[in-house]
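Working notes, structure below.
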Amino acid sequence: MEVRDQLRAHRYGIHRHSRRQPVARNWSTSKKRIVATIACINTSLLGVVIGIYAGEVPRIQYQLADETHTVILGNVCLYLGLAMSTAIVWPLPLLHGRKPYILGSLAIALPLQFPQAIVVGSPRSPNNHIFKTGLLLSRGISGLVLGFANVNFITTLFDLFGVSLQSNKPHQELVVINDVRRHGGGMGMWLGLWSWCSIGSLAIGFQIGAGIIQNLDPDWGFYIVIILMAAVLVLNVLAPETRRSQYRRSVTDVYNRDENFITRRISQGEVKLHISTQGPKYWFEEVWAGVKLSALMICQWGFAFLALYLGWIYAQIVLVIVLLGALLSRDYRWHPDYVGLGVMSVAIGALLAIPLTKAGIFSRERKRGPRTDSMTLEREVVWTSHFARRILFMLALPAASVAYTVSSAGRRYPYMVPIVFAGVIAFFSVLATAECHGLIMEAYDVCDLQPGVNTRHRLQSMAVEDRRRRTNYSSFPRVSAGIFLSQTIGFLLAAVATAVGGILTRRIGAQASIGVTAGILLFLTIALTIALWRFKAVQVIPNGAFGTRRPTAVPEFGTEVKGLGIDDWKAVIIGNPSGKTRRMSILELGTLSRWTEVRKLNKLIPDPPKRQKRVIT
């Protein structure tokens, strides 16, 4: 029997073509919304797990006869595990996909809840420390495992929508329909919804935990966590993979000065290829490249202030929830279920901030757009200005913290006063969190500038014969590194706030404790405001780019490069600027920022001098 007959016998279609799955940013709107909703549910699950334990701490202390307040360290161990895995393993899903890590993390974290439930299920002797050790060890391992899933939550939104915040009338630039950064449609209100899931879910979990210990044993909290994890695990099994195997490879073009030739490199992953000319051969090389990229990010002063500010906001929310619960329980003598309802003001206040995170809610859509990019930098302050909104949100947050500090003096104020101001803090915290993440996206999104390569320009600056190239399905390495670095700082500060919060409350009181955090937040707010102030005019477009459009000399290419000669080189010009300079802040002047990359492409920043090799004679 011939091969054709064999294929027909097995009913194989010889001429049947398989339909290639589109990239996640090209999915239908309904499919993208379903997957984004699951990503937000995953983020909420982490906050609920943390909050349930925080709400059950008083009853767990009673069950274990904990006189040294060791049980409070349970969430400290969880935060430390989260910080460790979040800081290190975030590049791994670029090699193996996101679903294996989400499903594997939830599948391992689920049985880890059983030992914790068994430990707190019945009263224990205060002289037997093995139960406390087992509880803390299980919490720490759970945090370490959940960190593998945490690195896929917000990045799933990046895979679906990109990291663009540009609306129909963006600031500082004009709309370019073919801009690579607009691929996916932009985050929109999903950024605010994700911010609420990371902050408001803590209060929801606290309310569940406090309600459980009113009439039930604390082990029921862990059983509820098991049920929630199982439900979320089923959702993630049904959800499609946003980074399929055919989209886990990156392509870059490398200019070899010695051989005067341009070569193309294809590699799995993206982080190592983003900072070097060679892709990873083993998985730990990609992890190490992520660590190096994070180190380069934190060495920028502007980003360092921004990351500390973001981390402190998260730690302050954790501290406000714990101190508000202690205030309502001790001073107002509320039962645990009512204490949980009082803390729900944090979730409600954060929920009210979600619509305000979308710029279209304000007057931007009603304002006539500028003709040139330079008109966006005119000396006027309007509500649509990102800078004006960010300064208002950032200054209002420490003011709300001070108001909460004054109102937490005890029974001389009505109980609704501290509850309302706690909700106000959560309201401005979500706004500030969304705006700060937007700052990271705007400043470090270089997907249209061929990330990792400074010797070639983007598509519109290339010659016609060089335009046929494969476009990276970018994972936005700089944005991802910045966000996970800020999350790591937030988890570490939350661990410190959880461990030190109880000690400060017992020694100096809850009012003084929250006053200290408000003072630190005010200092970080002033530092970040200085980092965002555009104080310096910097040239971003080289001379001769306007008018005649004569080619600019490119000395490092020599006289001729195969595939890219001097006549093919053109300056990178974004939008429709009327000038060659732009006012920049400390954040935008960072070594890895978008505008620094543009200046490198336009030969306005000299290459670092090469080290001379020493010759021993």
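Numbers run from 1 along the shown chain.
Just so you know, glycine gets a Cβ as well, placed from its N, Cα and C.
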191-214, 551-574 - the one TrEMBL records as transmembrane segment: 191-214
Closest-packing stretch to the transmembrane segment (413-434), where packing means Cβ pairs under 8 Å, from 101-121, 191-214, 338-361, 479-504: 338-361
Proximity verdict for the transmembrane segment (301-326) and the transmembrane segment (479-504), three or more C-beta pairs under 8 Å: yes
Touch test for the transmembrane segment (34-53) and the transmembrane segment (479-504), at least 3 Cβ pairs under 8 Å: no
Touch test for the transmembrane segment (479-504) and the transmembrane segment (191-214), at least 3 Cβ pairs under 8 Å: no
The transmembrane segment (191-214) vs the transmembrane segment (73-94): 3 or more CB pairs under 8 Å: no
